Amino acid sequence: MQVILAEHAGFCFGVQKALDKVEEELQKHDHVSTYGPLIHNPQVVERLAQQGVQAIEDLHTANPTRVVIRSHGVGPEVYSCAEQRGFTVIDATCPFVKKVQKAAQRFTDQGYQVLVAGDREHPEVQGIVAWTGGKALVVANQKEAEALNLLGKVALIAQTTLKESTLREISQALHQKELQVEVENTICSATAKRQEAAQKLVEQVDVMVVIGGRNSSNTKKLAQICQEAGVPTYHIEKPEELDCHYFKNVQKAGVTAGASTPHWIIEEVVQRMSEWNQEENENKEIATEQEAAKVEEEVTSQDVEMEDMGSSFEETFKKYEEEHKKYEEGQLITGEVVKVSYDEVLIHVGGKSEGVIPRREIAPRVPENVEEIVKVGQKIPVIVLRAENEDGTLLLSRRRAIEKEKMVSLKEAKEREEILTGEVVAAVKGGLRVDIGIIGFVPASHVERGFVENLDQYVGQTLRMKIMEIDDQRNNAVLSQKVVLEEEYQKARKETWGEIEEHQKRRGTVRRLTDFGAFVDLGGVDGLLHISEMSWGRIKHPGDVLKEGDLIEVYVLKVDRDKEKVSLGLKQVLPNPWDTVAEKYPIGSIIEVTVVRLTTFGAFAELEPGVDGLIHISQLADRRVNKPEDVVAVGQQVTVKVLDIKEDERRISLSIRAVQDDQEQEEVQSYLDNQEG
Ligand code: SF4
């Protein structure tokens with residue numbers, strides 16, 4: 001997806017000027033108020049509120065203070081009231097709005113019925129009407145103009161943010177009537193430029209994002225223009241409102257912003273959209289170039305606007321420029337932390353200049369708690385992302401300053417083929433994001449030596465990696481753990497083949513279990529531990545004895561270097577129970593055993609794991625037995641007498657019959673003893 005920013009978007013001259021005035025006031029005075037919210041942008045208003053700027057709704061009741069009249073302007077009665085109540089007025093009415101107010105007053109004085117094309121609820125329109133002593137009529141659209149019943153001469157002026165087409169339609173409707181119509185197009189060029197740019201852009205894209213306050217008249221009009229072009233349009237106030245579903249199957253997305261939208265919000269929106277963009281970096285460049293071109297044009301455009309406004313503005317502008325040091329995009333500077341909030345950090349960078357670090361630009365990993373990362377008063381290096389020339393507010397990044405510094409050591413690490421460690425911070429499509437001072441990327445195929453099905457299991461783990469690619473322009477690094485593991489594997493393999501001999505005891509890790517045994521990693525060489533070599537006793541499955549990952553000691557039974565095969569034993573490193581049978585089961589002793597197998601000539605019984613004895617068919621009972629299963633069953637516990645032990649042959653002869661004979665003998669003896677007694 002390509003993200004394209006409109007040629008003209010964001011803060012206009014008038015809004016910027018109003019903000020400048022408030023900032024100036026804040027530097028000189030403790031208490032600053034605005035008459036109503038300074039601009040129709042909740043984020044900016046909130047930021048100002050955090051700096052202590054209060055919005056006054058009613059001058060009649062508020063305590064007198066220094067009050068800034070916002071760019072929308074007000075009627076003459078507001079100035080009078082402020083003066084009477086002892087307010088100090090700082091007039092930030094946009095010069096373009098002032099021009100409309102003056103036109104309205106002049107036409108009224110000349111006996112015209114003034115018609116203001118615009119939104120009668122908008123404070124700017126209400127202020128304009130007030131300058132006619134309330135005589136002006138407000139016309140919202142062509143229909144309302146057609147319904148007017150007027151005579152004589154009328155003067156049509158417009159709200160500065162009105163759509164050009166609406167003014168044209170109203171004008172045409174008035175010209176249909178028998179009226180003397182004077183039309184003065186008072187639509188502000190900044191508004192017109194944003195609307196034209198939006199119109200131009202919407203024709204090239206599949207989806208439009210319009211940024212600005214929901215109650216911002218000019219933003220709503222931009223959204224309306226885009227919607228009317230038949231392109232899906234999303235009006236958002238802040239970057240968090242973006243939804244990636246907006247951009248499903250979208251090739252090109254356009255971004256525009258109302259005149260009250262600051263550049264740092266636009267920047268964040270473009271950045272977020274670019275992150276969903278597979279050609280992220282390429283598109284960032286496009287957006288940046290367009291933004292740069294836009295800023296340049298905006299400055300030129302404002303120069304023209306300033307010429308219109310007269311020399312006093314030029315002087316103010318010059319003074320302003322002198323007071324504000326210029327910074328270049330990409331410049332590394334040091335600033336002092338002035339304020340820390342959840343969303344951003346305010347930085348003083350010298351002179352009158354301040355900058356903002358959005359939350360996502362504070363550290364390589366977006367912090368949970370910004371205050372744990374930076375503290376008020378701390379001096380930190382930052383990189384200028386966007387030079388906001390008009391008011392000196394810069395868009396800054398601490399993250400990129402850290403990354404820039406880190407890239408130096410990472411480049412050296414790559415040259416030295418150093419192994420780096422880094423925590424996995426996220427599993428994303430196609431790989432893992434790891435924190436190595438910057439956020440690097442490990443492709444899924446470079447996580448392990450083999451295929452990895454579930455990448456989520458690595459989140460929070462620390463990997464050892466080497467850098468495969470590094471891009472210090474974009475602060476990117478692609479890493480591989482597989483390379484490290486493969487090198488270690490090959491080294492260990494070589495060493496193991498060099499050392500391994502039959503009859504050795506070695507340590508290894510159970511790598512894989514099968515029905516017939518286990519593969520044990522001896523260090524780059526896998527040996528087969530057959531199930532029959534796992535225990536002196538009987539086991540049904542290798543899992544009865546081992547599990548994958550177990551570190552065990554094994555006995556090397558056989559080494560075949562040609563076929564690269566190693567056979568292992570486990571029971572050989574365990575105590576052999578036959579070594580102690582004579583001691584534990586002396587001949588003549590009576591013991592409990594378990595029948596484990598039947599044959600035609602008798603039954604085998606287990607004394608302990610790995611030690612079986614035979615109960616011959618003739619010893620199964622004190623009578624003749626045709627088949628062993630007639631008297632015993634597998635799993636049955638029986639009492640036997642140890643008749644004989646041949647340790648060398650690993651044979652033990654057992655007898656049930658002898659036990660019965662002994663019992664009988666005892667009973668007879670007992671009877672005889674009683675008789676004699
Ligand atoms: S849109 Fe135009 S008239 Fe309105 S504040 Fe901005 S520059 Fe002034």
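We count from 1, first residue shown onward.
Placed from the backbone N, Cα and C atoms, the Cβ positions cover glycine too.
Residues or ranges marked as active site, proton donor in TrEMBL: GLU124. Annotated [4Fe-4S] cluster binding site per TrEMBL: CYS12, CYS94, CYS188, in sequence order. According to TrEMBL, the feature isopentenyl diphosphate binding site maps to HIS40, HIS72, HIS122, SER216, SER217, ASN218, SER260. Per TrEMBL, (2E)-4-hydroxy-3-methylbut-2-enyl diphosphate binding site is recorded for HIS40, HIS72, HIS122, THR160, SER216, SER217, ASN218, SER260. TrEMBL lists HIS40, HIS72, HIS122, SER216, SER217, ASN218, SER260 with the feature dimethylallyl diphosphate binding site. Annotation source TrEMBL lists domain 'S1 motif' at 330-399, 417-482, 503-571, 588-657.
Shown here: features listed in TrEMBL, placed on the structure.
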residue: HIS40; record: isopentenyl diphosphate binding site; DSSP class: coil
residue: HIS72; record: isopentenyl diphosphate binding site; DSSP class: coil
residue: CYS94; record: [4Fe-4S] cluster binding site; DSSP class: coil
residue: HIS122; record: isopentenyl diphosphate binding site; DSSP class: coil
residue: THR160; record: (2E)-4-hydroxy-3-methylbut-2-enyl diphosphate binding site; DSSP class: coil
residue: CYS188; record: [4Fe-4S] cluster binding site; DSSP class: coil
residue: SER216; record: isopentenyl diphosphate binding site; DSSP class: coil
Over all shown protein chains, what is the count of other CB atoms within 10 A of the CB belonging to CYS12 ([4Fe-4S] cluster binding site)?
31
Name the range, of those listed as 330-399, 417-482, 588-657, that has the largest tally of Cβ pairs under 8 Å with the domain 'S1 motif' (503-571).
588-657
Which Cβ among the binding-site residues (ASN218, SER260) has the fewest C-beta neighbours inside 10 Å?
ASN218
Secondary structure composition of the domain 'S1 motif' (330-399) [DSSP: H/G/I, E/B, coil]:
8 helix, 36 strand, 26 coil
Taking the Cα of THR160 ((2E)-4-hydroxy-3-methylbut-2-enyl diphosphate binding site) as the centre, which of the recorded positions listed as CYS12, HIS72, GLU124, CYS188, SER216, SER260 lie within 10 Å of it?
HIS72, GLU124, CYS188
So around the (2E)-4-hydroxy-3-methylbut-2-enyl diphosphate site, HIS40, HIS72, HIS122, THR160, SER216, SER217, ASN218, SER260 aside, which residues have their CB within 8 A of the centroid of those CB atoms?
ILE39, GLU124, THR161, THR219, GLY258, ALA259
Should we count any of the binding-site residues CYS12, HIS72, HIS122, CYS188, SER216, SER260 as near ligand 1, judged by a CB under 6 A from one of its atoms, and which?
CYS12, CYS188
Just the number: how many Å between the Cα atoms of CYS188 ([4Fe-4S] cluster binding site) and HIS72 (isopentenyl diphosphate binding site)?
12
An 8 Å radius from the center of the CYS12, CYS94, CYS188 Cβ atoms defines the neighbourhood of the [4Fe-4S] cluster site; name the other residues of that chain inside it, in order.
PHE13, GLY14, VAL15, SER71, PHE96, VAL97, THR160, THR161, ALA190, THR191, ALA259
What's the CA to CA span in angstrom from HIS40 (isopentenyl diphosphate binding site) over to the residue listed as 'active site, proton donor'?
12
Could you give the Cα-Cα distance between CYS94 ([4Fe-4S] cluster binding site) and SER260 (isopentenyl diphosphate binding site), in whole Å?
13
What span in Å does the isopentenyl diphosphate site cover, taken as the longest CA to CA distance among HIS40, HIS72, HIS122, SER216, SER217, ASN218, SER260?
15
Taking just the CA atoms, what is the gap between GLU124 (active site, proton donor) and HIS72 (isopentenyl diphosphate binding site) in Å?
5
By Cβ count within 10 Å, point out the most packed of the binding-site residues listed: THR160, SER216, SER217.
THR160
Could you state the CA-to-CA distance between SER216 (isopentenyl diphosphate binding site) and CYS12 ([4Fe-4S] cluster binding site) to the nearest Å?
13
Residue with minimal Cβ packing [other Cβ atoms within 10 Å] among the binding-site residues HIS40, HIS72, HIS122:
HIS122
Could you put numbers on the helix, strand and coil content of the domain 'S1 motif' (417-482), residue by residue per DSSP?
8 helix, 34 strand, 24 coil
